[in-house]
Amino acid sequence: MVFVTILDENDNAPVFVQLVYEATFREGPATAGSVMLTVRATDQDQGLNGTVLYHIAAGNVDSTFYINKTTGTVVTLRELDYEVSHGRYTLIITATDQCPNPSHRLQSSATVLVNVIDVNDVTPTFPRSFEGPFDITEGQPGPRVWTLRAQDEDSGPNGQVEYSIVSGDPQNEFVISPVEGELRVRRDAELDRENIAFYNITVQAKDLGMPARSSTVVVSVRVLDINDNDPILLNLPMNTSVSEGVPVSTSVSRVLAFDGDSGRNALLTFNITAGNTDNAFYINETTGVVLVNRPLDRERVSEYRLTVTVKDNPENPRIARRDSDSLLISVSDENDNRPLFTEPSYLAQIAENSPAGTPVSMLNGPILARDNDLGPNAVVTYRLLGSRLDLFTVDSRRGVVSVRGGAILDRETLSDPRLELVLIAEDVGQLNSSAALSITVLDENDNRPVFNPAVLSVRLRENSPAGVVVTQVSASDADSGANGWLTYRIEGGAQDRFVMDSSSGVLLVGNAMLDREERDSYRLIVVASDQGTPPLSGTATLSVVLEDLNDSRPEFLIPVQTVNIDESTPPGAVIAQVTATDRDLRPRLEYYIIEIQARDDTNSPVAGQQDVFGIDFHSGAVFVRSPLNRELVATFDITISVHDNASDVIEQSVSVPNGKIIANRTVDFEQVQWLNFTVRAQDQGAPPRFAELPVFLQIIDINDNNPVFSQPSYQVGSDLIRVQAVDADVGNNSLIVYRILAIRYIKLQSNDSEDVGNVFIIGETDGIVRTFDLFTAYKPGYFVVDVLASDLAGHSDTTTLGIYILRDDQRVKIVINEIPERVRQFQEEFINLLSNITGAIVNTDDVQFHVDKKGRVNFAQTDMLIHVVNKQTNRILDVERVIQMIDENMEQLRNLFRNYNVLDVQPAVSGRAPDDLTTLQMAIIILAVLLFLAAMLFIFMNWYYRTVHKRKLKAIVSGSTGNQGFMDILDMPNTNKYSFEGANPVWLDPYCRNLELAAQAEHEDDLPENLSDITDLWNSPARTHGTFGREPQASKPEDDRYLRAAIQEYDNIAKLGQIMREGPIKGSLLNVVLDDYLRLKKLFAARLVTKSTSNGDQSSVTELIQSDLDEDEEEERSPGRGGTLRFKHKLPVEFKGPDGIHTVHGSTGTLLTSDLNSLPEDDQKALVRSLEALHSESGPYSERNARTESAKSTPLHKAKEGISGISGSPLEITEL
């Protein structure tokens, strides 16, 4: 047996029992030094080749593990860290045999997995403990600040970090994402730098382990400014003051402002934006100091309310912010103004006898002087200067002028009741001013009327008729005005025998009979009363002694006497004494027996007894003349008559017995003027006998009635009025005198009234109110005139007259379909009905023919002009209100208007001119404008026609002198847009028409008497302007047909002017046409003379007719003929025109003249040369001129070339 020892070769590698080993541990300090696990590997080799050593080839992080080389035990040298191993250690362990030859050593490997269970042992860690600062612009919602990251090596929840803000965000304006760690401003919040400009926000990172671990970081946030804050004025509004006398650049105040922004956004500038009148102040833009810019005047501007604006200055000026507020600067006063009176002069009045201290009544006051200064500087003191300081004084503080103590104001003692004083107003600085003060001392009724003399005696014949002037008493009153206006009356003693005119003091005989026998004298007490309040009066004694007239019948003392006598009474015996008396003075009575009736016992008459008794002529003693016989005559009835022979004119006698008629009651003349009754005289016999006598008794009027106005008040418009009062008395008793008592003017706006002067007067007898004043100065209102009507006895009545200032635009026009005469018949009735319906006062101003709006008169209709016055306010109603009132009462007025044929109611005038322009002024202005326009139109038309006419004349005559002829004309520039090249249709186009007219002229021997019958005149090119644009007929350059056509046209123009002399063509325009026409004719005559002489024509220069035109063309074709012109003679015709007799051409009607001296001098030279040639070839010019149509001598100017043969003799020429 062989033991073969086989030597081992290291041909087997170690082999681990398992390729992967795995162990799990919780991390932490407890794992340090712990045996993790043991690995084992086998090697089939022997010896050293089979000896295995272990080694950690990889994955031993931080040398955390150690392995026993021989045993393969893995031990932890330090604690396991999940964060380092990331949850697992992966160890690569190699097993290597120990072959002696290292190069032949074999090895194998196994993996050891050490799973580390995480323990929350790592704190989240921020990279830095401070982040920032980060710039965030304020005012932006939700901007991102920064994203924070904290590291936590733990795993799972232990390694999950959540972020939160733990401090530094007092207003909770930031938010951080808990997972992402994004720090931002909240979306619902905006940072405000002015609130918090810098943030240090502490952010915490905390894991989710148990227990949790955390760490913090400080995030710095710097808020960037935006211009989001208005500047704020800190000390405004503010009141300050500055003296008006401070110099310029004086500091007044400083304006302070604050802006919460920063940088440029907080850079402030100041400005005054309003209230700086006249730039009185300025402000420093940067400091805000307000300074005086110019001198101040408190009296002109007492305070300045400045608007101060402050604004910031961001980079973008458009987003600048502002703040404004007021700075009130009061200008304090300095005494730099003198007191000034409110009026340059003052008018005052005061009643005389006013006690001391009575203030005067100011008419344009009160007296006031204003000092524009303030405070003590504005205190004004007053004083008076003048000659009558003894009467008045002025309150030094109030300026009230009053009667000085102890002064007596007696107007009658003053030489002038208007006292002139000077007011002085003075301030504390002695600055003063003055004003005139005129004080009128008003009259008071303190003086009684005084008669001079106070006792007066006059003599008056008795039986003086009513109205006879007895005397005139006169009294004087020292007062003035109404206080001195006296009225007279009889206080007593007149017994209705006398009346007195109240205004004149004339004493008149009344209606009662003045019978001296009844009363021989009257002692009248005459009273003169003034019109003062209360009225004062004075008296006088007036004795009226009646002078006797033989107006009384003698009266028997015993009308019936019975005497018993014996029949034996002897003749001559006085049987009775008849006595009569006569109330006249110094009567001469004579007694007569006018009848003796003798009766017997049977009462039968006994004849023959007339001479039985006689009577003494002077004494009235009745005596027996012859013996008595009782048996024959039983009784005698003797009728005795007594006569008063004191007057040879009037014989009064009385018989016995007589009767007297006595009135039992008062008879009113105004009721009964005549009483007719019968008086019966009856005796006492049986049976009684009687006789009847009819009596016609006339009642004589006495002045026992007051005058009564026909209307209690009158309304007057633009036309004044006549007032009328009626006195029921007759004769002088009904004589009425009118007088105006007072005139007041009432303003409509304020109802204020004022007494005005003698604006109106009234006729004393006719009652017509008149005025001599213009009312343009019066504001809207009306006059109230109190009118008194009185008779001679002083009986009176008053009425009120309302006089309105009536404008035309206050009148209403009522259009009536009737003629004015018919309207005037029912005018009063119509107006009364209209007044009753409208409730207003309707006054008629005028009745006239109807005029429509175009000024046309309709003679079948009538315009009734009225104005309406409100009864309550006495105002004239406006036209609109009147028409509205009529519309409101249309239902009631419809029948009225229908009955009186009213067609329309409209304003009297269509429009009203401004108050500052009267109708006359407006008419003058309109007339001036129309005249100006007419003048401008006249000038323009003259210029236009003169320009056109001169242009035509230039075209016509351009070739009329000289020999160039038609070529010159063709070279004229075109003057019409319808012309063809080389033509001038201003004169060329009428040529075609005038060829026909010239042909007709040959057959017209005479012109019609009426030039308007010339048809070619009205159809000529001068009127119709022809038809332009036609080709001209072929003609030779030397042919004058165009010129003749032009002359024909001007002939027509002349005829047109002749015919229309009395029409629209007058003045300078007509002169232009005729003057140019005559000048052209003269030039044409010269041309014809030149042409005639140059061709050897021996005929007279008469008329160029149409036949020449035809011969001209033949002459053109016949070179042997030299262009001879043939003329035909026709007699001229005379016509009577407005300027006398005119001579016109026999065929063309051309107006002829011979005033060649009106030719220009050059033209006259040309004509002289032509006539010279004609004279040299054809003999004396005077012989040829014998056949001319109108031979009129025309002295030409001497030719400067010295042609003596022509200049010495008169020349004659026919004008065509």
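Just so you know, glycine gets a Cβ as well, placed from its N, Cα and C.
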Residues flagged as region 'Disordered' in TrEMBL, choosing from 142-184, 1174-1216: 1174-1216
Helix, strand and coil counts within the domain 'Cadherin' (452-556) (DSSP): 4 helix, 48 strand, 53 coil
Maximum Cβ pairs under 8 Å to the domain 'Cadherin' (452-556) - stretch from the list 141-233, 234-341, 717-822: 717-822
Residue distribution over DSSP helix, strand and coil in the domain 'Cadherin' (141-233): 4 helix, 42 strand, 47 coil
Residue distribution over DSSP helix, strand and coil in the domain 'Cadherin' (234-341): 10 helix, 49 strand, 49 coil
DSSP-assigned states of the domain 'Cadherin' (17-126) in counts, ordered helix, strand, coil: 17 helix, 51 strand, 42 coil
